Amino acid sequence: MDSPRWLPLESNPEVCFFVSCLGMKSSWQFGDVYGLDPELLSMVPRPVCAVLLLFPVTEKYEAFKQEQEEKLKDQPQEVSPGVYFIKQTIGNACGTIGLIHAVANNQALLEFGEFSLFCNEVSIRVTHESSAQEGQTEAPSLDEKVNLHFIAFVNVGGHLYELDGSKSFPIVHGKTSEDTFLEDAVEVCKVFMARDPQEVRFTIIALSKDSY
């Protein structure tokens, strides 16, 4: 029996109204990161509590992913019990999984309305499909193969975590802080880009405190 599939989300921040539909208030907002140099990073409102990376799934990445997982199974990293991590079991749901990882690991910072649908599976699915239709391009069919993937980066307990629902566990990328989190996450994003230098299909979105 084939696993269920959802329509893929786009990476434009408007589609990230997904989380507001599930009860998150607008005191924090998703916004594009327009470049990786210090001047452009300084334009991102602070503080930043999560970063989403959309990247192409290539043969190089798949080979690296398999090698990394085998290595970490033999030499496990210490992962804080405070990290919220879920596996992706539904096709094309990586955007939603990334958003859930970003929000669930920052519940102490974010504000939610009294009527939050955050943990309601049916509401998450319906809202995902509605968000996918809100994209700036026509949504593909459910059967169309999508070779782009979303992951999230969060700061839990002063450590930078990569949360990828297609992997078996979180990846620890060393220490971080509220002040350096965006720059630290971007350094990991640069590694993804360097692995496939011919690719241009990378997008970074930051979840930042609304400055207005």
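The backbone N, Cα and C atoms fix where each Cβ goes, and this holds for glycine too.
Counting every protein chain shown, 24 other Cβ atoms lie within 10 Å of the Cβ of C94 (active site, nucleophile). Annotation source TrEMBL lists active site, nucleophile at C94.
Counting every protein chain shown, 21 other Cβ atoms lie within 10 Å of the Cβ of H149 (active site, proton donor). Residues or ranges marked as active site, proton donor in TrEMBL: H149.
Confidence across the domain 'UCH catalytic' (5-209), taken as the mean pLDDT and rounded to a whole number, stands at 82. What TrEMBL lists as domain 'UCH catalytic' is 5-209.
The site 'Transition state stabilizer' feature in TrEMBL is assigned to Q88.
Look at TrEMBL and you will find D164 tagged as site 'Important for enzyme activity'. A C-beta separation below 8 Å, combined with a sequence spacing of at least six in one chain, links D164 (site 'Important for enzyme activity') to H149, I151, A152, I171.
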Distance from Q88 (site 'Transition state stabilizer') back to C94 (active site, nucleophile), taken between C-alpha atoms, in Å: 7
Nonlocal residues around Q88 (site 'Transition state stabilizer'), in sequence order (Cβ under 8 Å, 6 or more apart): C94, I97, G165, S166
